[in-house]
Ligand code: GUN
């Protein structure tokens with residue numbers, strides 16, 4: 001039976017540690033990290049995410065600024081708001097919730113965010129920094145996945161990692177991070193010929209395709225570490241269910257460790273968003289970032 005990687009507990013620890021650091025920052029440097037979240041339209045899932053982000057920012061003692069724009073908002077108006085936030089010294093991180101309505105070009109929006117306030121890590125400068133091994137802001141979901149992997153496995157060097165999915169938000173940055181950790185990395189996607197064979201080779205499997213239970217139990221290499229990024233809403237036997245991209249019930253008999261859905265990667269994403277905001281606030285004020293924050297958060301979880 002696989003170890004269940006409790007992302008919810010890890011994320012809670014990380015948030016508590018971030019909260020302590022935020023307090024120190026305020027007391028010693030008179031800086032309160034500020035997170036601005038922009039939501040365009042009324043997509044119910046996005047509304048829940050945005051509410052969670054704002055609540056957790058406040059719980060971590062940060063300032064939270066929320067902007068809700070109508071679905072039909074002209075692109076120009078959104079760009080003007082971003083420019084105002086770029087110049088606002090109380091705002092250290094700007095997040096525009098995706099997806100955006102069709103009249104708004106997401107590339108133009110992402111490019112408009114000041115790179116040092118781009119706590120999503122989506123701006124080309126941050127993407128480039130990650131790809132070239134430079135210092136930039138790393139996208140939250142892959143960062144959360146990497147933390148869980150390193151916490152569970154320690155050194156990832158030489159392991160064969162399969163990233164299932166090639167999105168800019170998860171798949172591609174995840175592959176870059178794993179490569180940086182000296183994994184042998186394969187990226188699989190919808191056109192991959194023999195997905196099962198690719199999965200069976202992987203010591204680490206990160207699934208991020210948004211297809212409910214795509215990865216069958218027998219596809220998994222015995223003992224592998226499985227990180228399930230999928231959050232799929234399905235209906236089964238008349239019941240609404242939230243399931244991942246991996247068939248959890250069967251996979252847990254084969255894998256060495258696996259993240260559940262919900263309660264795995266999801267909570268880590270928001271914790272990492274807060275971490276990126278804290279780091280951005282430090283950098284923008286010329287303050288050294290408390291580099292041992294992860295160790296402090298992790299140290300007492302499983303004594304590793
Ligand atoms: N929509 C789904 N995931 C994300 C994310 O990580 N960042 C933003 N901005 N929007 C999202």
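Just so it is clear, glycine is given a Cβ too, placed from its N, Cα and C backbone atoms.
If you look up TrEMBL, you'll see 5-120 marked as domain 'Tetrahydrofolate dehydrogenase/cyclohydrolase catalytic'.
Mapped onto DSSP helix, strand and coil, the domain 'Tetrahydrofolate dehydrogenase/cyclohydrolase NAD(P)-binding' (139-284) counts 57 helix, 32 strand, 57 coil. According to TrEMBL, the feature domain 'Tetrahydrofolate dehydrogenase/cyclohydrolase NAD(P)-binding' maps to 139-284.
Residues or ranges marked as NADP(+) binding site in TrEMBL: 165, 166, 167, 231. Residue 167 (NADP(+) binding site): 16 other CB atoms within 10 A of its CB, across all protein chains.
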Completion exercise
Greatest Cα separation in angstrom, residues 165, 166, 167, 231 binding NADP(+) per the record, works out to 16
